[in-house]
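Since the structure comes first, as structure tokens, the remarks are kept for the end.
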Amino acid sequence: MPTPDPAQPWAPYDALLLVSFGGPEGPDDVVPFLENVTRGRGIPRERLEQVGEHYFQFGGRSPINDQNREFIAALRDDLSAAGIDVPIYWGNRNWDPYLADTLRQMAADGITRAACFVTSAYSSYSSCRQYRENLADAVADVEGAPQLDKLRHYFNHPGFVESVVDATLAALADLPAAVREGAHLAFVTHSVPETMDEASGPDGGAYTAQHLSVAEEVVERVRQETGRRHQHELVFCSRSGAPHVPWLEPDVNDHLRELHDLGTSAVVMVPIGFVSDHMEVIYDLDTEAMATAEKLGLPATRAATAGIDPRFVAVVRDLLLERAAVERGAEVSRRAVGSMPALWDRCPVGCCANPRGERPALCGS
Ligand SMILES: CC1=C(CCC(=O)O)c2cc3nc(cc4[nH]c(cc5[nH]c(cc1n2)c(C)c5CCC(=O)O)c(CCC(=O)O)c4C)C(CCC(=O)O)=C3C
Ligand SMILES: [Fe+2]
């Protein structure tokens, strides 16, 4: 493996590492995968059986690993079209290819320093620090592991927001004209315990605040395009954990029932909490929430996730070159849209505290 050429715009990096959640690839994988996900979480057995059922409804295979393979292929095309010659590696939290195995391969290939792109856009323990802990565990396990830098949060990067705006416009266009004007936008994300939101970011409440800033920006851009400012709300899916523990609400299904009772003409669900159409989207939204809307007689469509939208794929290139310049001590202008500035490169001390106590985490200040 050639040593990184300091003159290259991506120096000091000699690789990119895509970090993701992982998912089962067949029926035999489902239970071991769920055991990985919930290790030490005290998730009730019946919840695991329920979630396992969701996977078996789709043949025991989550789409998430295939979506990451597609994303890597699109990213490879994007980087080579830009003349950026860095290998792309992929490691998961909960399934093969596991992070430690991938780091072992990177070390064997002589990789010295990699930029990490996590397929999770927002700040919270589950969506950020837990990945940083996974990276720390993997580095601790691997002799000669490369130095890893996590690329900044990209929920307010124009490449992500613009793909969400166009997906929302397309989903609105899919509604019958008669109900489109009054359609309500339901911005959906993964519910987390209220305490996890309160502990998110350096000052708390970052998880909901970041989602709200994306939702507001999308609503405004849709208004600029259509002349309509649609009613909207941030709602949640995939709540888990013990029933007595308060998690962020309203659940998307409860919200659909409320919209129906208010006489809302239609709803567009915009899954801003996820970057690809994985199980939380194809089951919780496309199956469960759509069935609720159907039962209510409420016209509903679902906006696509960013997936391999070229503008979203280009976010990785933009953040790689931005961070490389920062690490070389160069001045950078960081692209961000909406009410929040571009976020930090290194997570501040205490950010997104682990509810189960402090553990080693990489890529912090
Ligand atoms: C914030 C967040 C994201 C978004 C950010 C990110 O992308 O990381 C996310 C993504 C995902 N969550 C996923 C699956 C699961 N999440 C679970 C459980 C949990 N998720 C949580 C939070 C999040 N989860 C939390 C607080 C729990 C409770 C247990 C705990 O405290 O950790 C469980 C256990 C069963 C259950 O209780 O639901 C499963 C199976 C999959 C894979 C889907 C596929 O296979 O296609 C993906 C992408
Ligand atoms: Fe989850």
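Note that the numbers count up from 1, one per residue, in the order the chain is shown.
Every residue gets a Cβ built from N, Cα and C, even glycine.
Listed in TrEMBL:
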type	residues	note
BINDING	Ser62, Tyr131	Fe-coproporphyrin III binding site
BINDING	His190, Glu280	Fe(2+) binding site
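Rounded to a whole value, the Cα-Cα separation of Glu280 (Fe(2+) binding site) and Tyr131 (Fe-coproporphyrin III binding site) is 18 Å.
A simple way to gauge crowding: the CB of Tyr131 (Fe-coproporphyrin III binding site) has 24 other CB atoms within 10 angstroms, across all the protein chains here. Shown in sequence order, Gly23, Pro24, Glu25, Phe33, Tyr55, His278, Met279 are the residues of the chain, 6+ apart in sequence, with a C-beta less than 8 angstroms from the C-beta of Ser62 (Fe-coproporphyrin III binding site). Applying an 8 A CB threshold to same-chain residues 6+ apart, the list for His190 (Fe(2+) binding site) reads Ser126, Ser127, Phe236, Cys237, Ser238, Gly273, Phe274, Glu280.
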